[in-house]
Amino acid sequence: MSPKTETKASVGFKAGVKDYRLTYYTPEYQTKDTDILAAFRVTPQPGVPPEEAGAAVAAESSTGTWTTVWTDGLTSLDRYKGRCYDIEPVPGEESQFIAYVAYPLDLFEEGSVTNLFTSIVGNVFGFKALRALRLEDLRIPPAYSKTFQGPPHGIQVERDKLNKYGRPLLGCTIKPKLGLSAKNYGRAVYECLRGGLDFTKDDENVNSQPFMRWRDRFVFCAEAIYKAQAETGEIKGHYLNATAGTCEEMMKRAIFARELGVPIVMHDYLTGGFTANTSLAHYCRDNGLLLHIHRAMHAVIDRQRNHGMHFRVLAKALRMSGGDHIHAGTVVGKLEGERDVTLGFVDLLRDDFIEKDRSRGIYFTQDWVSMPGVLPVASGGIHVWHMPALTEIFGDDSVLQFGGGTLGHPWGNAPGAVANRVALEACVQARNEGRDLAREGNEVIREASKWSPELAAACEIWKEIKFEFDTIDYL
């Protein structure tokens, strides 16, 4: 028997408990191109050395358990075990460390985000030796990412389908999110699309409630889309939320949306689950539907900076599981989002190759090879005065989504949509002329409002609205 294949069974089994670091802390290890790499923010319990804590994370998220077991001798642990290969202190924190763990590719089922997360974060977060644990980033090697379909269509194909280029897309979430009848809901959709928006949207918790069953909503929204398209000459869409209590029901709703001829459906990928999301993404590619993704429940997982999982990991997982849009915060609105960190995971969603950049929270260089990109959606507490900043921060390949910032217009829904479209077109034109939107944005909006009474009214109603709270997620 060669040394490489020698097992404990061949040299004698020794029962008992030993430190994780004796087996799973390997600072001499050279990572492979095919390894999945993880960066964990580790807060050990008092008295637990960082090497032991990092090794425990590697062990409990791969092949290890609390004691030596006889069946270790029936396989090659060196081939399959996770390895903590580096540990570094977190600046400014006395008892916090970044532990880097490498996982062999063979630990994971191909094309399954469900299995990936079950292995890496499924059990170890309750480990008693740790006070807190946060997964900050993952490096997904091309050898693994190529086993996923990824987004149903991607950014370029979506633009070609919509015939819309050179600017961000405009959306609106219909409000109130709950309580409208299907017909009144469809009326609001029509008014917003007629006013100049590209998309309207079901809110994340609009599924099939007693006041508005899903089939009725789908029919009235489809009618609104076709009427608005006929009047404006532009392709329009409404994110019909297919999220349901079972995968079978979800697929039934997606199939009905396709039969109506609408361009896009929607899914709540965290509450719905990665298995359901991947199934829906495959259906959408096969049937020409775009897929909008809402991240409902994400803050339960990602908001605490010491424990949980950073959204950049959830964003990478979504790109593999499949989605053409995903909500990504705003930096400037009512929801959490620090600028450099937000732009870091926005690049991870859109770009093919993203260099390691710790200043933006990117721990590993990520190469997506040929996987299509995902459009980030800026949504939450934004209005026309935010348009210059949003255009400058997110660029053309994004969706800017104004719910209350459309439907809260003093003159109604269609004028609210007009105001947003005029503001966007003015900002894009100013940018293309070389003006600095960061410094001149308010002046650009004021100039445009002279020619648009709808925009002028919106500017007046929201001129004092600000959401000024410090972010709690920082590097």
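Using N, Cα and C of the backbone, Cβ positions are placed for all residues, glycine too.
For reference, Swiss-Prot has these:
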{"type": "MOD_RES", "residues": "PRO3", "note": "N-acetylproline"}
{"type": "MOD_RES", "residues": "LYS14", "note": "N6,N6,N6-trimethyllysine"}
{"type": "BINDING", "residues": "ASN123, THR173, LYS177, ARG295, HIS327, SER379", "note": "substrate binding site"}
{"type": "ACT_SITE", "residues": "LYS175", "note": "active site, proton acceptor"}
{"type": "MOD_RES", "residues": "LYS201", "note": "N6-carboxylysine"}
{"type": "BINDING", "residues": "LYS201, ASP203, GLU204", "note": "Mg(2+) binding site"}
{"type": "ACT_SITE", "residues": "HIS294", "note": "active site, proton acceptor"}
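Each of the recorded positions LYS177, LYS201 was scored by the other Cβ atoms within 10 Å of its Cβ; the lowest score goes to LYS177. Each residue contributes its Cα atom, and for ASN123 (substrate binding site) and HIS294 (active site, proton acceptor) those atoms are 26 Å apart. Inclusion criterion for the recorded positions LYS14, LYS175, HIS327, SER379: a C-alpha placed within 10 angstroms of the C-alpha of GLU204 (Mg(2+) binding site); this criterion is met by none of them. According to its DSSP assignment, ARG295 (substrate binding site) is coil.
Cβ proximity to the Mg(2+) site centre (mean Cβ of LYS201, ASP203, GLU204, cutoff 8 Å) flags the following additional same-chain residues: THR173, ILE174, LYS177, ASP202, ASN205, VAL206, TYR239, ASN241, MET266, HIS294. Within 10 Å of LYS177 (substrate binding site), as judged by C-alpha distances, the recorded positions found are ASP203; the full candidate list was LYS14, ASP203, HIS294. Rounded to a whole number, the C-alpha distance linking ASP203 (Mg(2+) binding site) with HIS327 (substrate binding site) is 12 angstrom. Of the candidate recorded positions, LYS175, HIS294, ARG295, HIS327, SER379, the one lying closest to the residue listed as 'N6,N6,N6-trimethyllysine' when CA atoms are compared is ARG295. Spanning the listed substrate site, residues ASN123, THR173, LYS177, ARG295, HIS327, SER379 have a farthest Cα to Cα distance of 36 Å.
In the shown protein chains, 18 other C-beta atoms lie within 10 A of the C-beta of ASP203 (Mg(2+) binding site). Of all the binding-site residues given, namely ASN123, THR173, SER379, the one with the smallest number of surrounding CB atoms inside 10 A is ASN123.
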